[in-house]
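*Asks:* Handing you a structure now.
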């Protein structure tokens, strides 16, 4: 990991976090799919149970509709029954699409058969009922009423001509026959049929014995015979109707067991589906929680590892920079190998340390040079003092000689005999002055050589200061690149912060959608909350790294500022060294001028000595040359003053330098 750049490490952490989130989302999706399948199975069995209950309810309604039809047969009751039968078949077909187990399939097949039987039997029952008559105005019931009514009308017509006991008996007999027919219609059965036959036989006996007109007897006999035939058909149809109704009732009785089996199978399936749903939810919860915990631990561990790989070298670099700022150069720096940002920072700090070592070396050399220069200054002071004393002594001697010459010139006439001796002493004094001036010229040459050496050292100091300025500029550029790299890291931190905020927003939206989903969205809400927590942790870690990056930027800015200060100081030292070099050059020129003047003075001293020799050789000309000697003594005195003033100016200049 040490060879990876900071950007690559942060990107790796982001990729690991994304892969973790994708893994959690995949596991959650898989668990939700399994839960959805189990929930769909539970819904399937719940729908099957509802269909079975709906079928049971329709079966009950069919029984009620069948009874309603029998009590009030007609088009409306028939259509109501047939509509319920259509609903029952629709529900059976819908239910058959929901079952796949053999027991339920057998129950559905049995229901289909039962409803087929009911449909066929009800159609035949409706046909029989149509034969019997839906009311008293149609069918066999109308025919029976018509036959008995015709008989009753004829008897009533016959009774208009006078009372006849036989007709009255026949009226009562017909009424009894009608009552027996109605009893049969209400109860049916063999007993009702036997009672009808018995009453009808009595009627036939009564008709046979009755004393009534033959045409009336014939009419009544034919109509009543027709009534009996109609009753036989009515009884047969009623029997068939009873059988069909028994079939329908028996079929209705077979519906509950089949429906109960369906409901039992649906209930067992629902219970099993509920149990499977609970197990899948529990397993999914543990699986999602385990995966989330694993991803969280992995991301946290890798985050700590990556963060440590960034912060530990930064802390070491910080400690090294603080030590360098305090002037310590014996610090251990992180490895600068590789092309990572941390390696570049380490190399930059190493350059800074090397520059500090170079500055210390230059300071040591400068101290040594200063010590040598102080020594040379002290030596120069000694030479200047010796030179001052020698010149002063020579000038004093020169003044004395001039005074002696002046006094000799006044006394030349009176002491011409002593001219030669005085001339010799003057010559000796001139030679001594010439020697002293020669010594002063030699000292001036040595001083000029020292000043030349000082100028050379000042030039070297200027060159070293220039190299120090260039090194400081390179260090400042490196620290600027470090600040730019820190800015880029800050931009990456901003991108990670935006991703964390978007992840937090998506988690919030997922929480809202889960809340809307109610009970079905609780699992998703838990995952959304965990995703939101991971987003918050990512944002917190990003803020920590951003603070570290900001600290790097501040430290880089401080380092650049410090390097700028050092650069300014070195530039100032460079300017001072240049000024010193210029001053030394000026002093060198002044020293060479003084040396030239001293050489001239030395020549003048030699000429004075030669003149004294000439005076000694030409003593006899002393009187004639007295005035000239006086003039020369005055000139010598003036030259001595000039020399003294030049020496004073030279020494003051040297001391001031």
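Heads up, the Cβ atoms here are built off N, Cα and C, so glycines get one too.
In TrEMBL, annotation is done automatically, which means it is predicted and not curated.
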*Asks:* Please identify the range among 238-260, 261-283, 284-306 that TrEMBL labels transmembrane segment.
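*Replies:* Checked against TrEMBL: transmembrane segment maps to 284-306.
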*Asks:* Roughly where does the domain 'HAMP' (308-361) sit in mean pLDDT, to the nearest integer?
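*Replies:* Across the residues of the domain 'HAMP' (308-361) the model's pLDDT averages 74 on the 0 to 100 scale.
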*Asks:* Using DSSP, how many residues in the domain 'HAMP' (308-361) fall into helix, strand and coil?
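*Replies:* The counts are 39 helix, 0 strand, 15 coil.
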